[in-house]
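S.K.: One structure follows; several queries about it will come next.
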Amino acid sequence: MEKAKILLILTGGTICSFGDDKNENRDVQTKKAERLLLKNFQESDSPYRDCDFDVKMILDILSENMTVGRWNRLIAFLKQTDLSKYQGVIIAHGTDTLAYTSNLLSLVLSGTAIPVFLVSSNLPLNNSQANGNVNFKTAVELICTGMDPGVYVPFQNEDGICYLHKGCNLMQSGNYSQNFYSQSALKVSDIADIPRNWYQVNAPIVLKDMGELKDDVLAIRPYVGLNYRWFQLDSGIRAVVHGLYHAETACVTVEQEEESHSILFLLKECRKRDIPVIIEPSREDQSFYITNSEMVENGAVPVYGMTSEMVYVKTLVAGALGYGRKDLIEFLRKDVCGEMIDS
């Protein structure tokens, strides 16, 4: 049987880092981690431990230091690489921004004909409690057994079970947690656990048609005391993505002297500048509370059914595709790669 050839892209993160003698002050040592990652896999019990890896280091950062510019470097590499030479791609990535990158690449690589896995670790690989070796082994074995095209994240949670997530549904890990969740997660030991046509791409993006991402989307989360007066809307912002409380609401009614604490103040200021304000999650045709109706009546664009991470990166990608306001709204409400988990 011909050995599989896998493109291994290193970007840093905990999976590529080591700590000091006390296992503190961790920092990236990507070349050292590359050797350990491959050594651990080749010494494992995997029947695919002799497959070939073409290793490329594109970034060398802790993932909390990810920026839009660094995303552009990763995307530029993917654009110029002939992925058809490989049976699959594995991207080693940190956990802090894993959900943002997995949602982004689910869109960017939605037209790719091979599977792409983002692999992370809860601890450095030289720690016996690290799950990075299991996550990596799972990715390799799924690639070698013929996984369908798509962007995936395998991650072993604290319950000891390795879950497979669609990258387009992954949510950020919570505080005080080393677990990842998504609405589409599956418990996976081998490819037989994955239903046929589990990953569906409906409207793939042509990667070469994308320009560069720009950091021109402002993301806001609601909280008591949020004052919209502090936002500099004249700084080149193209769109605002505004999260909502769990009941699809945000503050709209305030005392006159607190006008700038109402989202209606933000909507008014954005209308003056022709900046669309996307509110999520918010149903287009149903409002459970009058506060939601007031937001929509004042120009907010309701979007429903995706993770907050996906709404944000999808708005970024729309800019890279050159979409204006009308096309942006249509794009946000269209299912590209299975990101619409509830609609």
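Just so it is clear, glycine is given a Cβ too, placed from its N, Cα and C backbone atoms.
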S.K.: S44, S46, S63, S128: which one does TrEMBL list with T95, D96 for the substrate site?
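M.R.: For substrate, TrEMBL names T95, D96; of S44, S46, S63, S128, the listed one is S63.
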S.K.: If you measure every Cα to Cα pair among S63, T95, D96, the residues listed for substrate, what is the largest value in Å?
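M.R.: If we measure all Cα pairs in S63, T95, D96, the largest is 7 Å.
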S.K.: Given a separation of at least six residues and a C-beta threshold under 8 Å, show me what packs close to D96 (substrate binding site) in the same chain.
M.R.: G13, L62, S63, E64, M66
S.K.: Inside 8 A of the center formed by the CB atoms of S63, T95, D96, which other residues of the chain have their CB, for the recorded substrate site?
M.R.: G13, T14, L62, E64, M66, H93, G94, T97, L98, S120
S.K.: Roughly how many angstrom lie between the C-alpha atoms of T95 (active site) and T14 (active site, O-isoaspartyl threonine intermediate)?
M.R.: 7
